[in-house]
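Per TrEMBL, the feature compositional bias 'Basic residues' maps to B:646-658. According to TrEMBL, the feature compositional bias 'Polar residues' maps to B:832-841. Taken from TrEMBL, the feature domain 'Cation/H+ exchanger transmembrane' applies to B:40-441. According to TrEMBL, the feature region 'Disordered' maps to B:643-673, B:832-879. The transmembrane segment annotation in TrEMBL covers B:30-52, B:64-81, B:93-109, B:121-140, B:160-179, B:188-210, B:230-254, B:261-279, B:347-367, B:387-405, B:417-439.
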Amino acid sequence: LRGLNNLLFYRYRDLAPQLVPLDYTDKPDVTLPYELIGSMPELKDNPFRQRIAEVFSEDGDGNMTLDDFLDMFSVLSEMAPRDLKAYYAFKIYDFNNDDYICKSDLEKTVNKLTRNELTPEEVRLVCEKVIYEADLDNDGKLSLEDFQHMIIRAPDFLSTFHIRI
Amino acid sequence: MHPPAGPAASPGPAAPPAGAELLRWQWQEVQVPCLVAAWILVASLAKIVFHLSRKVTSIVPESCLLILLGLGLGGIVLAVAKKAKYQLEPNMFFLFLLPPIVLDSGYFMPSRLFFDNIGAILTYAVVGTLWNSFTTGTALWGLHQAGLMDPGVEAGLMDFLLFGSLISAVDPVAVLAVFEEVHVNETLFIIVFGESLLNDAVTVVLYKVFNSFVELGPAHIHATDYVKGVASFFLVSLGGTAVGLLFAFLLALITRFTKRVRIIEPLFVFLLAYVAYLAAEMVSLSAILAVTFCGICCKKYVEANISQKSRTTVKYTMKTLASSSETIIFMFLGMSAVDTSKWAWDTALVLGTLLFILLFRAVGVVLQTYVLNRFRLIPLDRIDQVVMSYGGLRGAVAFALVILLDRDKVKAKDYFVATTIVVVFFTVIVQGLTIKPLVTWLKVKRSDHHKPTLNEELHEHAFDHILAAVEDIVGHHGYHYWRDKWEQFDKKYLSQLLMRKSAYRLRDEIWDVYYKLNIRDAISFVDQGGHVLSAAKLALPSMPSRTSMSESSVTNLLRESGSGACLDLQVIDTVRSRRDKEDAAMHHVLRGSLYKPRRRYKASYSRHFISPDKQERQDKEIFRQNMKRRLETFKSTKHNICSSKSKARMKEKGRKKKDISLTSDAPNGRTHRSVPWQEAAPVLVMVSSEEEESDSSETEREDDEGIVFIARATDEVLQGKATPGSLDVCPSPCIIPPSPTLAEKELPWKGDQADLAVYVSSETTKIVPVDMQKAWNQSISSLESIASPPGIETGPQHRRFACPVLEEQPQSASQAMPEQISCFQFPSHVSKSGRSLSDSSPDGVEQQELQPLMAAEEQGRALPPAEPRRLMFSRASHI
């Protein structure tokens, strides 16, 4: 695990060698601004790049400290419990941070996933159906419980939600 | 070809016939195709016979039966013709019988699952097959050296390695035949099956290399030959794959331009795949790999390009071809076994081979899995390994290869042939027979056939992106990274190039899933329309069928809309006026049976169809309407708290409680078989839009039905177990454990009727054209009379609350109940009353509301069958 942490640290430092000091013993207050992460060429086409950075960063604006960076990885590691994963997945969908996936959140997700190829009408239909499928307490939006329930129902769902290095 | 024999034709210069021939016996000309057709016919008829008995086919795999049949037929041929005829010829097998099976498996390969597990599949296919070949070969050689074998077996190390290479490859045909009936979970299936497909390259190379070594003789083999062998492996496998990809590309490109020649679209798929096979075979690359990858890779684009009808054609033709090939292969395998002239038996060799292939496969699987599990996200557990070892079936490929051996070069060919036949028979029959009980006994995770929900689709995509993003940020180029890159490449270039513009737009997967879900709904609607159609036909024979078809479909549509309404009274109050108006308008349109879709929808849908004829448009419109209504209902129910959503919630519980409810499912399953018309009624399917080819014993699926569950709730009421409070559907999360209630046991048909109930509401009848109304009125009102005590004459809404106890609960279960009876009766009654009572005519739309009033007058005539009465009594006694 230690080796992994080192690995991640070097990666973190590689992102911005001029900002991040090599010596972390006195816990310097360093954050990577979102622009750095968002402008990575690999991430250019990824619809969720900003959202991921926002969710995992402490300040919510996508600026990441080393801790955030490590957190992000540990959430997606194999050791992380299911509930934690579900929670973070939920948070990624919850664009307006109101602890519910409401229709506007879903519309955003769908639009991101389809790269705005669907007409608004189609997006609306899809979102309605998605909510219809998963909304158990019938409030027109998905709470964390709804989300967890839906995800647990699909057997291998969260187990694929991780990364190993 | 010869000219047809006629009186004037072909006088025949050599021997002038006595006169002009009237007919001539021309068996010689048609012999070959005739024999082919005859054998296919025999095999297919045999299949029908096998499937006459469900019991037999559920225990014995079809492949076993076919082999046994082949043995029998072979025996007969041998007895009649005094020599073995009609063998499985390697050429025929490789050129004609194998390609359809491989194409079918490649084309319908779940590509994502396949590529998710590609690492494991490749490992087992390459390393596993190599391991099996070498260990089996050397072990047999050791046995030979130890002097345990008959001295007649003249074989050196190379011969045994050659034999090992051909006997150790898992056979795709056999695996598919057996595993299709076992239904293990998808991962396990894809690994075993993928291995059996991809090991072809290894087998081909090993076989060829060893064959040439044997021909050269051990003395003349140089080190370079070994290197050549290794090099040829890469050449054969990668070359085969490349050929497959090339043809997949061509195929996709061609189908892009078939817009005007829709009718030959399916042909291209088969032709190009076959040409890929032949091309690979021609340059001695791995033909199986070529076709497999051609199928896997072209599918996405081809499916997007060709029309819906062509898709169906491709699917069915492919399945037909593959299935008949498989049948013939197994039958001929059986027939070939009787040819004793090829046999030379050696007990030690046979037993040794059997033992070694089983042993080494198990060892190989365990060793490889041990390594693989370090890299796999979801490790393969012990049970999986057992199934994988045991599922290594050998089949016709091994047999064809061993027949191809040259007797002059490979002295022990006869022994090898006999051993191969025994091994194939043993694996297909013994292992094939026992694998099903084994899987059950080990409690291997079965595949669950739940259809992908929109949620899953959505989250799967989102997760992919998220994971790819995180991998990017962390700077790790893992699996997600590459998949993401591939998808972007595909989206940017390949799809643009290979798909029609219109299709490309439609290929968006999320919309696709949504679309498919809705299409399923629509299909089940039309199906249901077919049922009502038959009822309507009985009632009104004079009605032109075309009209009645459309009307009946619409009837169903309206039923559906009624379902929402009848679930919630408040909804009716608020929405009714608008709906009435809409319905009236629709009714007008319907009268001419011209049902024009609205332009708005057409834009987004018609692309999918070539030239939507009237019927299609109708279906489409119906389907649109259906969805719209559902959503409307859904929305409006959101305002009023009680709603159809409760269905969904109960559905959830149904899923949760699946394990518990398994026992109570059993009666449901029986229901379907015992009540024939219910079995046919696709309403069941419609509710959760779960359109699977469900055999009725798969009750888990039915459990997903929200409304089935409501029926159980009703049962609870019947038993007086549940208090009204616990039945309340409003948000309180109450769970009603679906235990088999008394009523369910007593009345096995009870479990499902609520499905129908929801769709038959009084509102439904409103818009049905007048002549249909008659039948409806009569049937429904006569049913009313049965359902509710004749004394009570209430309005249409009170009608629903025939039993006073339930009246307080504005709740689907209680509403559904009285109607269950009416709708349960419905089909039989429409026919009955329709025939006998077509004279009496209750008139307009308004009258419909007053059906119960007419109940009394109809009651005398309509003879209620015994069952509803029983229900009445039981209900009365319980409440």
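Just so you know, glycine gets a Cβ as well, placed from its N, Cα and C.
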| In the same chain, who gets a Cβ under 8 Å from the transmembrane segment (B:417-439) while lying at least 6 residues past its ends? | 59-61, 63-64, 67-68, 163, 166-167, 174, 177-178, 181-182, 184, 330, 333, 336-337, 342-346, 349-350, 353-354, 357, 386-387, 390-396, 398-399, 402-403, 446
| request: Six or more residues out from either end of the transmembrane segment (B:160-179), which same-chain residues have a Cβ under 8 Å from its Cβ atoms? | output: 61-63, 98, 101-102, 105, 129, 132-138, 140-141, 144, 189, 192-193, 195-197, 199-200, 202-203, 206-207, 210-211, 213-214, 288, 326, 329-330, 353, 357, 360-361, 391-398, 401-402, 405, 410, 412, 416, 419-420, 423-424, 427-428, 431-432, 435
| message | As a test: from B:30-52, B:93-109, B:121-140, B:261-279, pick the stretch that has the greatest number of Cβ pairs under 8 Å with the transmembrane segment (B:64-81). | response | B:30-52
| the transmembrane segment (B:387-405) touching the transmembrane segment (B:347-367) per 3+ Cβ pairs under 8 Å rule | yes
| Where else in the chain does the transmembrane segment (B:261-279) make close Cβ contacts, counting only residues six or more beyond its ends and a cut-off under 8 Å? | 95, 99, 102-103, 107, 243-244, 246-248, 250-251, 254-255, 287, 290-291, 294-295, 298, 302, 306-307, 309-310, 313-314, 317-318, 321, 610
| task | Run the contact check on the transmembrane segment (B:387-405) against the transmembrane segment (B:30-52): 3 or more C-beta pairs under 8 Å, excluding pairs closer than 6 in sequence. | result | no
